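Listed features, source Swiss-Prot:
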COMPBIAS  476-485  compositional bias 'Polar residues'
REGION    449-498  region 'Disordered'
TOPO_DOM  1-51  topological domain 'Cytoplasmic'
TOPO_DOM  73-81  topological domain 'Extracellular'
TOPO_DOM  103-121  topological domain 'Cytoplasmic'
TOPO_DOM  143-226  topological domain 'Extracellular'
TOPO_DOM  248-303  topological domain 'Cytoplasmic'
TOPO_DOM  325-401  topological domain 'Extracellular'
TOPO_DOM  423-498  topological domain 'Cytoplasmic'
TRANSMEM  52-72  transmembrane segment
TRANSMEM  82-102  transmembrane segment
TRANSMEM  122-142  transmembrane segment
TRANSMEM  227-247  transmembrane segment
TRANSMEM  304-324  transmembrane segment
TRANSMEM  402-422  transmembrane segment
Amino acid sequence: MRTIRAATEHLFGLGWKFWRLGICKAVVPLQAAWKAFSQPVPASCNELLTQLLLCVSLASLIAGLAHHWLVSLQLYPLGPPALVTSLCGLFVFLSLGLVPPIRCLFVLSVPTLGSKQGRRLLLSYSAANLAVAVVPNVLGNVRAAGQVLSCVTEGSLESLLNTTYQLRQAARELGPASRAGSRSLTFEVEGKGSAFRLHMHTITQEILEDFSGLEFLARAALGTQRVVTGLFLLGLLGESAWYLHRYLTDLRFDNIYATRQLVRQLAQAGATHLLTSPPPWLLQTAQPKLSREELLSCLLRLGLLALLLVATAVTVASDYGAFLLAQAAVAWAQKLPTVPITLTVKYDASYKVLDFILFVLNQPPVESVFASMQRSFQWELRFTPHDCHLPQAQPPRVTAALAAGALQLLAGATLVLQAYAWRLRHTIAASFFPDQEARRLSHLQARLQRRHNQSDHLNKQPGTMATRESRKPGQGTRTLESQGPQAHDSLGPPYDLE
């Protein structure tokens, strides 16, 4: 058993070692590509080629996404979006290749998706996806069910009127024979069949017009959603630009991270004691942790997103329900049989002369036939007319529903990863502007040094006041408490980034 256990542990150790080795080998080219992409001026031909290749790839990706957004999702025609996306891709390539801050701004927009503006963009795109694909599909299936009902109603009405007409024809052909027997046979329909048909047609048209109104509202909502999505996208880029501007102009902005570069700088200066008791606002980037308040805020916002997921699930369920309803209605209408009807009318008229004498003589009566007629009438009962087209049920848009749900789940994930997104933005900006990051680290080191000197000064004050305590007991404690929490950190809390 010990041998098997040792062999298993050895295999797990080798597997973990090879896994780490593979990860390290995979990270090396990624680090080289990131270094080339973040360089303002490439240092070699390899970095230049890598930078151009990345710029072309990103420009193609942006152009492809824009074309998909304009054509496939937002229902634009095929002509203008192709030209617009081509010009957009060329502009993005030139901007990324020639202007390094634009590259930084583009990369900063990725972690900015974890902010409130990014969540709004994701949720807006999700709602647009549902409005384009799922809602019209639901309305189309409900309209198909209404069209089936209209066809069956019209066919049943025509069959009823046709039956009445055939009975009237039978009564008309039996007219001479029935008049010979001093009786008449008539069939009438109370009311006008044309008026009833017109009334049913009017009701059906009103129902279809109601659904057309809903489709118009859906298209109007789609147009509004296009504008809102564009505004959110501009807001996302604007927030990234605002962060980059504050990073480059304000040394105190978002300067609350104990990075590895800061640790090395303090070690070189022999000031590692500044991190022995760090202030509460200093964040360790190597081991980021969320506070209790941040976790509670995430849970509350996740509850709101859960309600949105429930609404999306109800919409998708409505899509499936409308599809099943339309499918069942169309299948039921197609299976309605054509009922053949044959009406055979036989009419015999006879009379008897002095039948009471034959009755007294116990003789059978003698009947004289003076009129006899037999007719057959054939027609069919059709519940669906020939000229009525039965529409096909539209299957649910599974891909659109999954995409909308995935975007909403991604928006929920950004709530938890929001704190890490802020750290990632700082890391990205530091990679593109190392000189500015060096100035910011020097400012942070000076800030920590001032706080440490002030703490040492406060620690020396109780000893001084202790010499006077014999004359005025409690005076030292009151002097320390009178300085308030500002005495521990006169610089105050960091900037509130939200």
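In case you wondered, yes, glycine gets a Cβ from its N, Cα and C as well.
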- Item | Close approaches to the transmembrane segment (52-72) from elsewhere in its chain (Cβ under 8 angstroms; 6 or more beyond its ends) | 33, 36-37, 78, 81-82, 84-86, 88-90, 92-93, 96-97, 103, 106
- Query: Excluding the flanking five residues on each side, which residues at least 6 beyond the ends of the transmembrane segment (304-324) place their CB within less than 8 Å of a CB in that stretch?
  - Reply: 123, 126, 130, 134-135, 137-138, 141-142, 145, 393-397, 401, 404-405, 408-409, 411-412, 415
- Query: In terms of Cβ proximity under 8 Å, which residues at least six beyond the ends of the topological domain 'Cytoplasmic' (103-121) contact it?
  - Reply: 37-38, 55, 58, 96, 229, 232-233, 235-237, 239-241, 243-244, 411, 414-415, 417-418, 420-422, 424-425, 428-429, 432-433, 498
- Task: Pull the DSSP breakdown for the topological domain 'Cytoplasmic' (103-121) and write it out as helix, strand, coil residue counts.
- Result: 16 helix, 0 strand, 3 coil
- Query: What are the DSSP helix, strand and coil residue counts for the topological domain 'Cytoplasmic' (248-303)?
  - Reply: 28 helix, 4 strand, 24 coil
- On the topological domain 'Extracellular' (325-401), the mean of the pLDDT values is 72
